[in-house]
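Over in TrEMBL, the protein carries these features:
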{"type": "SIGNAL", "residues": "1-18", "note": "signal peptide"}
{"type": "DOMAIN", "residues": "131-290", "note": "domain 'Nose resistant-to-fluoxetine protein N-terminal'"}
{"type": "TRANSMEM", "residues": "303-326", "note": "transmembrane segment"}
{"type": "TRANSMEM", "residues": "365-388", "note": "transmembrane segment"}
{"type": "TRANSMEM", "residues": "408-435", "note": "transmembrane segment"}
{"type": "TRANSMEM", "residues": "455-476", "note": "transmembrane segment"}
{"type": "TRANSMEM", "residues": "530-546", "note": "transmembrane segment"}
{"type": "TRANSMEM", "residues": "551-570", "note": "transmembrane segment"}
{"type": "TRANSMEM", "residues": "602-618", "note": "transmembrane segment"}
{"type": "TRANSMEM", "residues": "630-648", "note": "transmembrane segment"}
{"type": "TRANSMEM", "residues": "668-690", "note": "transmembrane segment"}
{"type": "TRANSMEM", "residues": "711-729", "note": "transmembrane segment"}
{"type": "TRANSMEM", "residues": "749-771", "note": "transmembrane segment"}
Amino acid sequence: MALTQSLLVLLLFTIVNAAVGPAAVAHRTPSGSLSDTQESFPNDPLSIIRPVMEVASQENSDSSMGVMQETAHRVLPPPLWNIFFEELPELMFESNYEPEAQAEWEGNALPNFNWLEKLAPYYLPNTTNVSSECRRDVHAISAAIAKGDDWAQRIVDSWGKFSDGLLAGNTMQMGLLDECLMASVNSQDPDAHFRGQYCAFSFSMKPKSRRGLEEGYDEEEEEKEEEMGVEVQIPELHVANLKGMLKLALPYNLMATCIPSTCTEEEYMVSLVDQLNKTGLELSMLECQTKDLPTLRYNAADIIMIITLIIMGILVVVGTVADVWIQTSEDQEAAQGPLRYFLVFSFYTNLSKIFRINVKENEEVISCLHGMRVLSMCWVVIAHSYLLSIMNSANKGLITQMVAEHPYFYQIILNGYPSVDTFFVMSGLLVAYNVTKEYQRTSKFNVPLYYIHRFIRLAPPIMLLCGFLAVFPPLFVQGSVSPIMTTKGNMVDNCINYWWRDSFFITNAFIGHKDGQSCLPVCWYTAVDFQLYIVTPLMLLPIVYFRRTRAVVFGSWLLASVIIPMSIIGGRQLPPTNVMDVTQQDAGNSMEYVYTKPWCRASPYLMGLGLGYFLRVVDKEKVQLKWWQAVLGWIAAVATMSAVVFGLKDYNTLTMKPHEYVPAISILYGGLHRLAWGVAVAWMVFACHMGYGGPINSLLGHPIWQPLSRLTYSIFLIALNAQTIYYSYYSRLPLYFTPFYKLMETAGILLISTFGGVLLSLLTESPVLGLEKLLLRKPATTSVKVP
């Protein structure tokens, strides 16, 4: 018990020591070994704190506030600052160092410096306008703390407290969720009957209070930092500017407490808002939860999803049992009867198809696409892991320094957007490759089947996943802010209300709008891909019909795909692409008008179309390159890719200072970099397929990639929402941002997404493709005959 009481006092000492003159305290520490320090450790715990309190008192009496103090003043909410650095030292000097207080401390009671009274309005509801049960239990907590009851100290122990790393951006004070939820109090003295209720809230500075951070960097402030001995580790980089760090860290804060379950969220919110308003802060978010998870609501979404899963389950069971029976009995006649419509749902056969590895070489198969597809997917997932976790990290204030020390490594992450263009190249390539193959076989282009195949290939997995996310996550996900997932604008609510945007490939049409949410944010890509697929016949058929003019037609489309984004970027004065060092408005406009629009993403898709047509019609034996030509091609491809990825290194420093981009650079890079990336990827595919890939083709074309390659679409749909659940809803403690941690987290996300991808593929992709072969095997009657 005494140890817990000591820790509560030392918590306050730690906060004071961290923000009020830590350098001065450190310099006063006598030299000596650890054993010397232990031998000289005083018996009086308060004698440890007294010198620090004296320093705090002297520094607070000075009208000029030091840089480190100013930083702590901005990190801590003003009322806590006042308590820790103005009222608390004074209270301790005036009352707590009296002999009576010392005796009280030695009697295992908490020092009487009124800290609970000062902090109570932020950790507990005000008892003025609350229910009688809530008032009883809040008063009981105060009394039990004064008595030193174990259950009360566990309540306090679960509260979020400002801990280490404040100056490194650790503004996520999340407490301990499980310790709070496991609290169950049934006390008679004091009278208290409740369970723990965990409440997490975030606050923001009102405009007047925020103005100081929004004014940018101040030369006088930097000079003051130099006088304080703050070292700028990277020349010409504002890493040491504490205002810049605060601008990055402060908007992303979280504070947690544990209140009695007899108090409602509304009662606590009224008390909290009242306290924050007095100090220039405003409540941004408040979510409370108890140990009991929500149950099914049996609304329309729940009922539809339950019925869908029951039907799917029946089909899977019937199909799998029938398949196993046919395989064991070798009754092939039964496989050709009505049972064939159930066999497409068999897990037994479909699972073997997913994990089948074909080691036989086939000239019809572009084997390098398997490795490219899997590696590009890993690039997408790891980039999302970095970007999603920056603001939730305990050391987000140090990330700028990390980027400065390893700029090229982090540029691969911060500018990982070309990975998506690789998928556009592969998509266009396969469309042209298969359409041209069908034309060579039948001399016809089946219009209805062309569009039906694409829709039933892409839409069912999206629909099923949206239904799952609309119903089930609240039933098993519990984290610091997990209740927020059901509120407006968050995942569950978005899946209930906006599933149709993703399922019918119009997600990108709403990006930038006030209600521009979607259930699966990655479906902006499927929307762009499907929209390009819709107009592909206009781009591909003229090449097939009119061979003499195909170069002119293809070149015209490519030219348009470059001029359009150039015009939009130049006309709206946008950054060259999605970069970090821009204003929020420019970032939003770039996403809305360029990044998610098919007319600005067509360049790599067109390169895929051209390559797919070429690989289908060209005689492979007639394509002969000399060794130096192949080497030159690879050098040019690698140089081009490097220029695309690393060319905007100076735009991704994370200094929170917008980069002054040159319009000419923005226009040229924004219009050409996707085409350049598409050309480089097209060369890789061409060289590998034609026999000029060497060890690269051996790697990308290895059969081991085949199973994962078949699952990339399902993994792509699942991964980002799984990451959102992990980083935003399930998180219980602040994460630490390092490359190794990100690698381990990405590996876990990929593993979970792969398991989910297998299940999603078994329930939707495999059965749908099987039914398509059964029902749409014969060509449709409506067709366009190709001469």
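Cβ coordinates are placed from backbone N, Cα and C, and glycine is handled just like the others.
Unlike curated entries, TrEMBL annotations are predicted automatically.
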Range from 303-326, 408-435, 630-648, 711-729, 749-771 with the greatest count of C-beta pairs under 8 A to the transmembrane segment (602-618): 408-435
Range from 530-546, 551-570, 668-690, 711-729, 749-771 with most C-beta pairs under 8 A to the transmembrane segment (630-648): 668-690
Outside the transmembrane segment (668-690), six or more residues from its ends: residues with CB under 8 Å to it: 366-369, 372, 418, 421-422, 424-426, 429, 558, 561-563, 565-566, 569, 574-577, 594, 601, 603-608, 610-611, 614-615, 620, 623, 625, 630, 633-634, 636-638, 640-641, 643-644, 647-648, 696-697, 700-701
Recorded stretch, among 551-570, 711-729, 749-771, maximising Cβ pairs under 8 Å relative to the transmembrane segment (455-476): 749-771
For the transmembrane segment (749-771): best-contacting stretch of 303-326, 365-388, 551-570, 711-729, by Cβ pairs under 8 Å: 711-729
Of 303-326, 365-388, 408-435, whichever stretch has the most CB pairs under 8 A to the transmembrane segment (711-729): 365-388
Residue numbers, six or more beyond the limits of the transmembrane segment (408-435), whose CB comes under 8 Å of its CB atoms: 366, 369, 372-373, 376, 379-380, 382-383, 386-387, 402, 445, 450, 525, 528-529, 532-533, 536, 540, 577-580, 595, 601, 603-613, 615-616, 641, 644-646, 648-649, 652, 654, 673-674, 677-678, 681-682, 685, 739
